[in-house]
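Worksheet for the structure shown next.
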Amino acid sequence: MIKVSNALQRILIGAALALFGGGAQAAAADSAAAAEKAPPKIEARNDRFAAPHPDQYASWKATAEQSEISDALAEDPRLVILWAGYAFAKDYNKPRGHAYALTDVRETLRTGAPMKPEDGPQPMACWSCKSPDVARVIAEQGEAAYFHGMWARGGPEIVNALGCADCHNTASDDFAAGKPALQLSRPYAARALEAIGKPFDKANRIDQQSMVCGQCHVEYYFSGKDKTVKFPWDQGTSVDEIEAYYDGIAFTDWVNPLSKAPMLKAQHPDYETWRAGIHGQNNISCVDCHMPKVQNAEGKLYTSHKIGNPFDSFEQTCRTCHTQDKATLQQTVAKRKQDVNEIKLKVEDQLVRAHFEAKAAWAAGASEAEMQPILTDIRHAQWRWDFSIASHGVHMHAPDVALRMLGTALDKAANARTQLVRVLANHGVNDAVPLPDISTKALAQQALGMNMQQFTQEKQTFLNTVVPEWEAQARSAGRLDH
């Protein structure tokens with residue numbers, strides 16, 4: 001047996017302790033580093049922030065006062081024809097308060113009546129601008145996993161109304177201290193801003209205020225097999241640049257069954273039109289006009305989260321820059337809205353006729369070669385019209401841009417109809433193509449053979465049975481408090 005001196009024993013024992021102890025310390029350090037890199041858990045339940053941020057929470061909750069449902073199809077039945085074959089022909093209401101974002105996407109006929117998680121018609125992407133649960137699911141499961149599957153799959157997960165964690169890093173020390181802690185909660189929005197050379201983390205506070213709004217108030221499309229959200233900004237954010245992008249990738253939202261034109265549907269390009277308008281050009285942010293600083297009962301200033309019409313808080317919004325009185329500015333805006341609306345209706349009349357005349361041309365025996373340039377004009381005209389009207393505040397944000405877009409839309413629609421006259425004549429049709437009665441929403445939908453009673457009944461069954469199940473599952477899992 002080899003004898004070891006006491007001194008050598010102490011050296012060996014110390015070395016062993018250092019070796020194994022150091023390993024434990026390294027493991028602990030690695031674990032801490034991993035925890036630091038892990039994204040913070042996102043709290044999607046908005047009422048959890050009522051106590052630390054009472055004024056902001058109360059004003060956010062007050063968006064429920066903006067409850068009016070305004071049926072855009074009933075107001076303008078031409079839209080039914082322009083969106084024939086697309087879900088918007090079933091149902092399209094004007095926007096209302098943020099408190100209703102989740103309710104409205106559940107209740108609209110556009111999302112159908114899926115009775116099972118795998119049922120259609122819409123993809124998961126249709127939740128993307130409706131709830132902070134979207135950011136939570138992306139953080140927990142990854143972006144690809146979030147987008148996979150149909151809209152109904154997300155029902156038990158996406159259960160809290162659009163709120164705090166959509167725009168703020170609610171887990172940060174800054175937010176706890178009462179600072180804005182603005183962040184982009186949608187990774188696809190961050191990528192889009194990078195594409196136009198405006199990375200969020202390098203932007204100033206004013207730019208970031210508009211960027212967080214621009215996560216949702218933008219044009220987007222569903223890309224690839226899993227229908228992931230992408231902003232079409234690779235070539236820029238103007239109507240012409242986005243049109244060129246879509247044409248370059250041969251993207252089509254749907255084919256209008258009347259004309260067989262491959263159509264594009266603009267969503268709500270508020271960020272793009274604001275950016276092009278006088279307010280955006282002068283760095284007046286969305287927050288400056290729609291979320292002003294106001295005083296609470298104790299005289300303390302806070303940012304109102306009752307996002308709405310700037311005229312409702314005139315002294316805190318418009319008055320900070322403009323010298324005119326409220327009535328004068330309201331008249332100016334009303335006149336701009338009237339000007340935009342007049343040309344909008346002219347474009348719609350031309351496009352409605354173009355779709356029906358194209359249908360007649362096909363029926364008369366027109367060839368694809370004859371129709372291709374006509375369908376391109378219809379596609380481009382309606383895209384420019386839609387880009388104008390889908391941005392609901394364009395008459396305020398960028399009226400000159402809206403008028404230019406509508407002017408080019410009118411030209412292209414008229415050009416399509418001029419070509420259609422020749423094609424129809426070549427195939428023996430010399431009389432005017434008759435139009436069905438589309439003077440009301442119901443008549444327009446009837447002209448397309450839409451069974452609205454069936455759609456409505458199926459939706460009501462869905463709301464009465466499936467939605468309560470979603471909410472019960474969410475409460476059971478702790479994702480919904482009430």
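Just so it is clear, glycine is given a Cβ too, placed from its N, Cα and C backbone atoms.
On a predicted model such as this, the values are computed, not experimentally measured, just so you know.
Of the residues H268, H279, H380, Swiss-Prot places H279 in the same heme c 5 site as C318, C321, H322. In the record from Swiss-Prot, residues C213, C216, H217 bind heme c 3; the candidate from H98, H355 listed for the same site is H98.
What Swiss-Prot records for the heme c 2 site is C164, C167, H168, and among H148, H290, H305 the residue it adds there is H305. Listed in chain order, the extra residues whose Cβ falls within 8 Å of the Cβ center of the heme c 4 site residues C286, C289, H290, H397 are C213, D270, W274, H279, I284, S285, V287, D288, P310, G393, M396. Put simply, H305 (heme c 2 binding site) is 12 Å from C286 (heme c 4 binding site) when counted between their Cα atoms.
Of H217, C289, H290, all annotated as binding-site residues, the residue with the shortest Cα distance to H268 (substrate binding site) is H217.
Applying an 8 A CB threshold to same-chain residues 6+ apart, the list for C129 (heme binding site) reads A101, L162, Q215, C216. With respect to C164 (heme c 2 binding site), the closest of these binding-site residues in Cα terms is H290, chosen from Y220, H290, C321. Considering only the binding-site residues H98, H217, C289, the residues lying within 10 A of Q267 (Ca(2+) binding site) on a C-alpha to C-alpha basis are H217.
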